[in-house]
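Everything on this sheet refers to the single structure shown next.
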Amino acid sequence: MNLTKVCAFSPFKSNLVQKPTSKTTINLSILEVLMLKCQNSKHFGQILSQMISTGFIKDTYAASRILKFSTDSLFIHVNYSHKIFDYIENPNGFIRNTMMRAYLQQNQPQNTILLYKSMLKNNVCIDNYTFPLLVQASTVRLSEIEGKEFHNHVIKTGFTSDVYVKNTLINMYAVCENMVDARKLFDESPVLDSISWNSILAGYVQVGNVEEAKVIFDKMPMKNVIASNSMIVLLGRSGRMTEACQLLDEMKEKDVVSWTALISCYEQHGMYKQALDLFMQMCANGTSIDEVVVISVLSACAHLLVVQTGESVHGLVIRVGFESYVNLQNALIHMYSTCGDVTAAQRLFDTSSHLDQISWNSMISGYLKCGSLEKARELFDCMPEKDVVSWTTMISGYAQHDYFSETLALFQEMLHADNKPDETTLVSVLSACTHLSALDQGKWIHAYIRKNGLKVNIILGTTLVDMYLKCGCVENALEVFNGMEEKGVSSWNALILGLAMNGQVEKSLAVFQEMKECGVTPNEVTFVAVLGACRHMGLVEEGRSYFDSMTRYYSVEPNIKHYGCMVDLLGRAGLLKEAETLIDSMPMAPDVATWGALLGACRKHGNSEMGERVGRKLIELQPDHDGFHVLLSNIFASKGNWDSVLDIRGAMMRQGVVKVPGCSMIEANGAIHEFLAGDKSHLQINEIETMLAEMEKRLKIMGYAPGTDEVLLDIDEEEKESTLFRHSEKLAIAYGLISITPPTPIRIIKNLRICSDCHTAAKLISKAFNREIVVRDRHRFHHFKDGSCSCMEFW
């Protein structure tokens, strides 16, 4: 190190001796005056030079004063102070302790210990001020082994009765979470002061031992503010908010830490209104605020979406004068953006002179919450540096707004930028794979998790289970589920629902039974899954039993979804009157989904009278819903009532209701391909057309006749057949046959319910081409193999 850069006028030469350049005398009085006036390293160098040149440095007291000044001065480097220390002849205990303390204050505890070791080699006497410095050094290093060695030295040198030494030892053991030795020292100590009590209490607070902490706190001869604050933190952290609040009320003296401790606990436990109410009391009490409490209060404002309160807190921050603190700026940006005032958040962001990573991430998150994906991406692309939170925020934003292709594309960019995703990132990416039925990419992510040793927590594990089930891979889902160390109720729910969707209803209900045997209490979602399982296989009696057990055994009140499942179950089974009666008896107003389930059942079972009545009610309730118009139109068409069909379609045109076209997606060779009904835009359309012809040829040999009843249009039969064979799922199957090598299954996801003709065709294709075909429609999975389907013709 070039010390002349640290001290502009260095008195040290290679031989550490400088010839006198002045005969000016110096004494203690002059030294004290000179040090009072010393403001920079150059002046200090001149003072030190004079001490050396006059030999005054040999005066032990004077040497101790100049060393103490150098270690306390911000403009003197600690290494330079050590140079002075080395120059002093026969340094006493105070001088040595000063140098050891200097290293400790500069966060160099290892040098404090090294200095002590050199003292031992030179047989230097140790005093009662040395050991506390050494014990503090081991505490900073969290080295209990070193601390115990110094404890042994304390015993050998006879300083065990010194309260200052004992307190540092108690604190060392407490910080290292060895409360047994800390308590032993505490109990054996003949003299205890407030530091002793606070140290042992702080140890119990750190390890979260509420009961022992309460014992110590109650025995304290004098409860000070520090001890009371520690107890508030511990009680709050342990969820004992009533006790924490009572303790604050009982405190005769409160400081800002007292109020902040309880307000922060309220905020961390989701008790946001209580946090704000207590903050108001704090302000009314005249207690000055600090950065920590304001950040907690702004977080509470964000969770409660009370932007007006947040603005008032912002005004208070400005009046106090610490608006420019970067952590506060970030809390304000987060509060405004969460509450939907993204303009105020952007204004703060633009005017801030201290932006850090959190500032950028908070602003991006704000735009995403407000649905401004383009603005969020703009900011993301402009970031000077991106961390895993930046990537995850943007990726999660895309996934939450159903931009699934963009989610996967950005994830690939993240990997290419050498940023390692965490569990949160992968949950969003797997969610996108699930919605796109991108099984290959989902499997790759699963392999990535295993290869990189990422922890499969409840959320990530459940997302993996859900992804595999919604891609039709039941065995993979079961493997993940069985391998999860910890399962939440959401994990069980995902498996129950997924198994039912894939046609394994018996297995689904068996898992429900296993869930109960494992002591996991079913919730509302569980019963939606269980009733859904019954619905998929027409298990009416079982469904009635499960529906009845919700309130009887589990105190779960049925909501609109549970009633909807029961209406669908009864309707599919042809019990239309009972389904309508159940709707009439519902304790809440039925939603369009519930009426829609009954309308679908009317269409399936040919009850045109009820279907027309329910259909007209639905169109009144939701005039812009294309599906209800189409279902009612189909009911009329099935009876040859073409005038009513034209009326319905005319109404759709007048109201701007457009029928959502059938769309099927298939993943092949790592890419997602999308087909619409009658689509001719695919780059390989010629090959697809050839395969469609081959499919039609083989199916006719097997006796297939197009189910033209599905094409409810007033057109001739030949045109109906042509229309049927260009349904989106048939196009996707044709593409799968030419692109996916057997025995890999052909997996398709469709946005609408698969029609009867495509269902029949898919069964025959699976047999004619000896291929497994998996189709996920909007209701369930259909696993086609060897000419049969997993749905057992019930869908």
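Quick reminder: no glycine exception, Cβ is built from N, Cα and C everywhere.
Curation plays no part in TrEMBL annotations; they are all automatic predictions.
Cβ atoms under 8 Å from those of the repeat 'PPR' (193-227) belong to residues 163, 166-167, 170-171, 173-175, 177, 179, 182-183, 186, 233-235, 237-238, 240, 251, 253-255, 257-258 of the same chain, restricted to positions at least 6 beyond its ends. The repeat 'PPR' annotation in TrEMBL covers 193-227 (among others).
Across the repeat 'PPR' (255-289), the DSSP tally of helix, strand and coil residues reads 26 helix, 0 strand, 9 coil. Per TrEMBL, repeat 'PPR' is recorded for 255-289 (among others).
Through the fold, the repeat 'PPR' (356-390) approaches residues 326-327, 329-330, 333-334, 336-338, 340, 342, 345-346, 349, 396-398, 400-401, 403, 417, 419-422, 425 of its own chain, all at least 6 residues removed from its boundaries and within a Cβ separation under 8 Å. Among the features that TrEMBL reports, repeat 'PPR' is placed at 356-390 (among others).
Residues 458-459, 461-462, 465-466, 468-470, 472, 474, 477-478, 481, 528-530, 532-534, 536-537, 539, 542, 554, 556, 776, 780-783, 789-792 of the same chain sit 6 or more residues outside the repeat 'PPR' (488-522) yet have a Cβ under 8 Å from a Cβ within it. What TrEMBL lists as repeat 'PPR' is 488-522 (among others).
The annotation domain 'DYW' is assigned in TrEMBL to 703-795.
Predicted-model confidence for the domain 'DYW' (703-795) is 81, expressed as mean pLDDT.
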